[in-house]
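**Q** Mind having a look at this structure? Questions to follow.
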Amino acid sequence: MKDRMFCKVLSNVEIAKDIHKLEIERIDGFGEIKPGQFLHIKCGGEGLLLRRPISISYIEKDRIGLIIRRAGKGTKLLCDKKVGETLDVLGPLGNGFSIDDEVEKVIVIGGGIGTAPLLELVKSLKGKDIAVLLGYRDEPYLVDDFEQWVKGVKVATEDGSFGYKGYVTDLLEEEIKNNRVDIIYACGPEIMLKKVQDICNRYKKKSQLSIEERMACGVGACLVCTCKVKAEEKGVKYVRTCKDGPVFWGDEVMFHE
Ligand SMILES: Cc1cc2nc3c(=O)[nH]c(=O)nc-3n(C[C@H](O)[C@H](O)[C@H](O)COP(=O)(O)OP(=O)(O)OC[C@H]3O[C@@H](n4cnc5c(N)ncnc54)[C@H](O)[C@@H]3O)c2cc1C
Ligand code: FES
């Protein structure tokens, strides 16, 4: 069981409409952090007992960066945190992405708030040949942060206000068709991940997908976050997104019908 930790908010900046970059103290209790892991955060507020899972976006010596979308009551409270306030967090939780030293050519693809955990992943993939594809409905964010690590980040917006007009998965197909690719790492809404899975199946490419399920305990005890994956013998097994995931191999994930 992970201990609760209390970390001060060091900064809070709205980087796009309803998207906040919150930096919190990185205290010793966090220990080692893998890209793709998340923190389970108490939001405060009356009647809001359950914590909310938020990915670790990037790690620096003294701080952890979180990118939070104002989605509902809990994330609104987090977006409104003031510098100097203390957050009650559990973590790092989940398995995170696994990185194979042998792999050379990598595509990292993110959609919306799912771009957040890919920043630390890209930092950890340093030395590999990386293509970064980022998709948004309209206003992009974090693009400059990715550009610091990988030149030539490609952006797609659904309304065409920035970069390619259309879905980021169109860019993925182009990239796979025209280049050698060893693995694809993806995080984003389920509809995007399904398309990534489909493209990877068609082109016989390996992928790791970070999936989202609603969570309660965040540590594998309550089974609220179960999802179906393929299993060798019985064909199907149920796993806990919080503890066994949130990152799964693309060919094992069984999305909701
Ligand atoms: C492993 C993991 C990592 C995440 N990382 C981030 C992150 O880095 N930044 C970020 O902003 N959000 C992230 N999320 C999503 C975030 O946890 C939800 O948006 C949040 O829990 C919603 O809580 P709320 O009280 O604001 O909204 P609620 O009032 O509970 O719900 C508002 C809306 O959000 C939807 N929602 C609630 N929970 C989820 C969920 N788990 N996944 C998708 N939709 C949900 C609801 O269906 C509803 O439409 C992550 C989720 C998971 C599982
Ligand atoms: S949230 Fe309780 S088991 Fe995953």
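A Cβ is built for glycine as well, from the same backbone N, Cα and C atoms used for every other residue.
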**Q** CYS217, CYS222, CYS225 bind [2Fe-2S] cluster in TrEMBL, but which of CYS200, CYS242 does that record place at the same site?
**A** CYS242
**Q** Just to verify: the residue among ILE54, ILE67, CYS222, CYS225, CYS242 with the fewest other Cβ atoms within 10 Å, which of the binding-site residues is it?
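**A** So among ILE54, ILE67, CYS222, CYS225, CYS242, the binding-site residues given, the one with the fewest Cβ atoms within 10 Å is CYS222.
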**Q** DSSP-wise, what's the residue breakdown of the domain 'FAD-binding FR-type' (2-99) into helix, strand and coil?
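**A** Residue counts for the domain 'FAD-binding FR-type' (2-99) by secondary structure: 10 helix, 46 strand, 42 coil.
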**Q** If you compare CA-to-CA distances from CYS225 ([2Fe-2S] cluster binding site) to each of the binding-site residues ARG52, ILE54, ILE67, ARG69, THR75, which comes out shortest?
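**A** Considering only the listed binding-site residues, the nearest one is ARG52.
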**Q** Can you count the other CB atoms that lie within 10 A of the CB of CYS217 ([2Fe-2S] cluster binding site)?
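**A** CYS217 ([2Fe-2S] cluster binding site): 19 neighbouring Cβ atoms within 10 Å.
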**Q** Round to the nearest Å and give the CA-to-CA distance linking ILE67 (FAD binding site) with CYS242 ([2Fe-2S] cluster binding site).
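**A** Here the two Cα atoms are 19 Å apart.
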**Q** May I ask which of the binding-site residues ARG52, ARG69, THR75, CYS242 have a CB within less than 6 Å of any atom of ligand 1, listed in sequence order?
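**A** Checked binding-site residues vs ligand 1; flagged ARG52, ARG69, THR75.
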